[in-house]
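Visitor: Not my notes, these are from TrEMBL:
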- B:31-207: domain 'ABC transmembrane type-1' (DOMAIN)
- B:31-52: transmembrane segment (TRANSMEM)
- B:59-83: transmembrane segment (TRANSMEM)
- B:95-113: transmembrane segment (TRANSMEM)
- B:134-152: transmembrane segment (TRANSMEM)
- B:158-177: transmembrane segment (TRANSMEM)
- B:189-214: transmembrane segment (TRANSMEM)
Amino acid sequence: MTSLATRPLLDAVSDPAVGLLAVDEAPNPWFDPSYVTDNWDSILTYTGEHVRLTVLAVVIGAAVALPLALLARRSRYLSAPVLGLSTVVYTIPSLALFALLVPFTGLSSNTVLIGLVAYSLVILVRNFLAGLQGVPADVREAARGMGLSAAQTFWRVDLPLALPAFMAGLRIATVSTVALTTVGVLVGHGGLGQLITGGFAANFYRAEIVTGAVGCVLLALLADVLLAGAERVLTPWARAVRT
Amino acid sequence: MNDFSRAITYLNDPFNWSRPNGITDLALEHIGISAVAVLAAMVVALPIGVALGTARRGAGLVVVLSNVSRAIPTLALLTLFAVSPIGFGNRATTIALAVFAIPPILTNTFVGFRGVDAEVREAARGMGMSRAQVLGRVELPLALPLVTTGIRTAAVQVVATAGLAALVGGGGLGRLINLGFGQQDYGVMIAGAILVAGLALLTELLLATVSWAVTPGPRRLPFLQVRTSPRAGGVPEPTASGVPL
């Protein structure tokens, strides 16, 4: 009964004389396996949207971030504006960014996608640039001395040496994007976030909220494990050194 | 853009600012919630970060905490606290935001204090400084840039995230976004978005200036520093900020 006192909305009707609302007498468990089995189809649909938005956002973000990072490496005068701009984008709240995009892209999932690309882009540019700047200058000079072209230098020298930093950036970007996709509920395309706000709207139905929240965390962990595995496969030399 | 001009009109109407539950009230509520959340997080995270950092222990714990916090959607935590016995409203919002502000402050404080050169500490002790003097006069000034970075990151994140509370019945400037969206009045929504974004940018600028002013030694504005990526071995990056929100 103490919980009633903290619910201002229910105060008016929680007077003992009036009696209790049916809402408060009905059990509202934190997790309910029958909810998951009964709503498996819609959970799968939302998960699919979540995965699609995340993968697209990270892939597009990486495709844009790599040229930007390569450009920014060339000089301080190019890296300063790129980093400054990315700080500004990073500071803009996602809810505000999605709201600002609505007049242009409407209630489609593109609104969410564009916002997610912007954030993953910011994370990726910084990590890509840090990785590229971590390539020793004398190694690159040696590569040029051996007659490698710019493209060859990138593929055969820069990329292998910067790969751990690249993968770290991809992991951070992916995990944050999975969490951030939930904010897309503003326009109705929040993936598993739909379950969170849906349960809130349905009389604070805890089982639905927890299912959405746990689903998001599991998705993020799964993505992280997959990318960590990919990193292991892609950098066999790192394993050889460590063992 | 028609909606944008309507947003400007909305923002230019003094009544929209001064009326009860107007922009001024919502902004003060927003700032109040954020300030309490950041202060609460500092009270919890700073002592733990200093203790673990000076002892050079618990790196694994800090890394796991900062990584896991990145995977949990803020919206989920805000909603979970709102439907818990705490009840929805500003108290649940504040607690959820404080929980999210802890990892950046803890990580940066930990990294800052752990990074103090062992020889510098030894020299200070050799000069006859007590343990408290070493902490206050040697380690703190050296760790300060990272500590202030952590607090700034957490504060900006909290101010930005406080807007999400409106989606689950909380207060603050996010309410304008939610209201404008619900009423299909995109002018109000954009006005809210401009205000939330402006407040977040203002917080970043203000705290960056403060940290620049209190940091001893060679001064660098914190905007243009490249974030160093975590190397193999799992060193937490200095600005483990969790999620951009």
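Yeah, the Cβs are placed from backbone N, Cα and C, and that goes for glycine too.
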Visitor: Taking a Cβ cut-off under 8 Å, which residues six or more beyond the ends of the transmembrane segment (B:189-214) line up next to it in the same chain?
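Guide: Beyond its ends, the transmembrane segment (B:189-214) has Cβ neighbours at 3-4, 6-8, 10-11, 23, 27, 30-31, 34, 144-145, 148-149, 151-152, 155-156, 159-160, 163, 173-181, 220-223.
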Visitor: Excluding the flanking five residues on each side, which residues at least 6 beyond the ends of the transmembrane segment (B:158-177) place their CB within less than 8 Å of a CB in that stretch?
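Guide: Long-range Cβ neighbours of the transmembrane segment (B:158-177): 23, 26-27, 29-31, 33-34, 37-38, 41, 74-75, 78-79, 82, 88-90, 92-93, 96-97, 100-101, 188-189, 191-193, 195-196, 199-200, 203, 244-245.
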Visitor: Report, as numbers and ranges, which residues of the same chain sit near the transmembrane segment (B:95-113): CB under 8 Å and 6 or more residues beyond its ends.
Guide: 33-34, 36-38, 40-42, 44-46, 48-50, 52-54, 58-59, 62, 65-66, 69, 74, 77-78, 80-81, 86, 139, 142-147, 149-151, 153-155, 157-158, 161-162, 165, 235-236, 238-242
Visitor: What parts of the chain pack near the transmembrane segment (B:31-52), using Cβ distances under 8 Å and only residues at least 6 beyond its ends?
Guide: 58, 61-62, 90, 93-95, 97-99, 101-103, 105-110, 112-114, 135, 147, 150-151, 154-155, 158-159, 162, 165, 170-172, 199, 203
